[in-house]
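So that you can see what the record holds, here are the features copied from Swiss-Prot:
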- HIS116: active site, proton acceptor (ACT_SITE)
- 20-39, 98-101, 191-193, 217-219, ALA235: NAD(+) binding site (BINDING)
- TYR64, ARG67: substrate binding site (BINDING)
- CYS124, CYS127, CYS151, CYS154: Zn(2+) binding site (BINDING)
- 1-253: domain 'Deacetylase sirtuin-type' (DOMAIN)
Amino acid sequence: MIEEAPRIIAHSRFLIAFTGAGVSAESGIPTFRDRGGLWENYRIEEVATPEAFRKDPNLVWSFYKMRMKIMKGAKPNNAHLALAELEKMGILKAVITQNIDNLHREAGNQHIVELHGNIYRVKCTRCDYMENLLESGKLEDFLKEKNLPKCPECASLLRPDVVWFGEPLPQEALQKAFKLAERADVCLVVGTSAQVFPAAYVPYIVKDNGGSVIEINTKESGITPIADVFIRGKAGEVMQSLLVKVKRCLENKKC
């Protein structure tokens with residue numbers, strides 16, 4: 001069954017990837033679960049919610065600046081690079097990710113839907129101001145600044161442009177993801193437990209429309225029962241192996 005995966009990918013008409021924290025684990029980015037849900041003895045709910053930000057924005061910004069530094073030092077791993085290569089080959093049409101680390105973009109993917117935001121983007125709590133600090137070249141100065149970040153247009157407090165616990169997903173990104181899923185005939189699920197809805201509907205939409213679902217995970221998940229192919233393993237190792245086999249499959253017309 002596992003050997004079917006390269007053929008399914010190679011012959012796909014509209015392949016999408018749905019990725020989660022497992023993709024970035026090999027880049028050294030810790031997840032909340034890795035640390036037992038704690039940061040500096042604070043529960044994650046105390047630093048990653050709207051209530052926490054209203055109560056103590058300094059604490060929340062300390063947490064997110066720490067995460068920015070960690071993610072800034074991380075590099076795309078073999079899973080990111082394989083997905084970027086599949087897009088370059090014209091096979092992968094889009095990456096729908098729950099990650100905020102920007103690594104898909106750094107690896108070279110162009111068509112990305114970020115369901116949970118981007119760690120390097122800030123937005124105003126009052127007006128429509130938004131800025132990607134990495135792209136604008138202001139990240140280093142931002143990380144050194146001791147004072148709370150203020151909006152350059154209205155002087156209100158800036159916040160990370162990420163989805164906090166208890167917040168809905170951005171509708172524009174979610175609708176874009178669903179539309180891509182409706183067009184897809186194959187969904188490659190990589191490194192996600194797919195427990196958070198409505199984002200986790202993505203592979204179900206593909207399956208309901210008669211498409212195939214290929215899951216790559218270190219353990220079975222909520223997606224496994226609907227997966228046509230389940231491959232157990234680390235995302236980087238499996239994706240690199242798959243990429244080689246897909247290329248071989250395309251070269252061999254009988255595949």
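Cβ coordinates come from backbone N, Cα and C, glycine included.
Keep in mind the model is a prediction, meaning the values are calculated, not measured.
On the structure: features taken from Swiss-Prot.
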residue : record                       : CB count, 10 Å
GLY20   : NAD(+) binding site          : 26
GLY28   : NAD(+) binding site          : 12
TYR64   : substrate binding site       : 18
ARG67   : substrate binding site       : 20
HIS116  : active site, proton acceptor : 20
CYS124  : Zn(2+) binding site          : 21
CYS127  : Zn(2+) binding site          : 12
CYS151  : Zn(2+) binding site          : 20
CYS154  : Zn(2+) binding site          : 13
THR218  : NAD(+) binding site          : 13
- Message: Around the Zn(2+) site formed by CYS124, CYS127, CYS151, CYS154, list the extra residues of the same chain whose Cβ is within 8 Å of the site's Cβ centroid.
- Response: THR125, ARG126, ASP128, TYR129, PRO152, GLU153, ALA155, SER156, LEU158
- Task: Based on DSSP, name the secondary structure state of GLY20 (NAD(+) binding site): helix, strand or coil.
- Result: coil
- In sequence order, which same-chain residues at least six apart have a C-beta under 8 angstroms from GLY191 (NAD(+) binding site)? THR19, GLY20, ALA21, GLY22, VAL23, SER24, ALA25, ALA79, ILE216, ASN217, ALA235
- Message: Roughly how many Å lie between the Cα atoms of CYS151 (Zn(2+) binding site) and ARG67 (substrate binding site), rounded to a whole value?
- Response: 21
- Query: What residue among the binding-site residues SER24, GLN98 has the most other CB atoms lying within 10 A of its CB?
  - Reply: SER24
- Task: Cα within 10 Å of GLN98 (NAD(+) binding site) is the criterion; apply it to the recorded positions TYR64, ARG67, HIS116, CYS124, CYS127 and give the hits in sequence order.
- Result: HIS116
- Message: I'd like to confirm something. Which of the binding-site residues, GLY28, TYR64, ARG67, has a Cα closest to the Cα of CYS124 (Zn(2+) binding site)?
- Response: TYR64
- Message: Spatially, which candidate from the recorded positions GLY28, TYR64, HIS116, THR218 is nearest to CYS154 (Zn(2+) binding site), comparing Cα atoms?
- Response: TYR64
- Message: Quick check: of the recorded positions listed here (TYR64, ARG67, HIS116, CYS127), which one has the Cα closest to that of GLY28 (NAD(+) binding site)?
- Response: ARG67
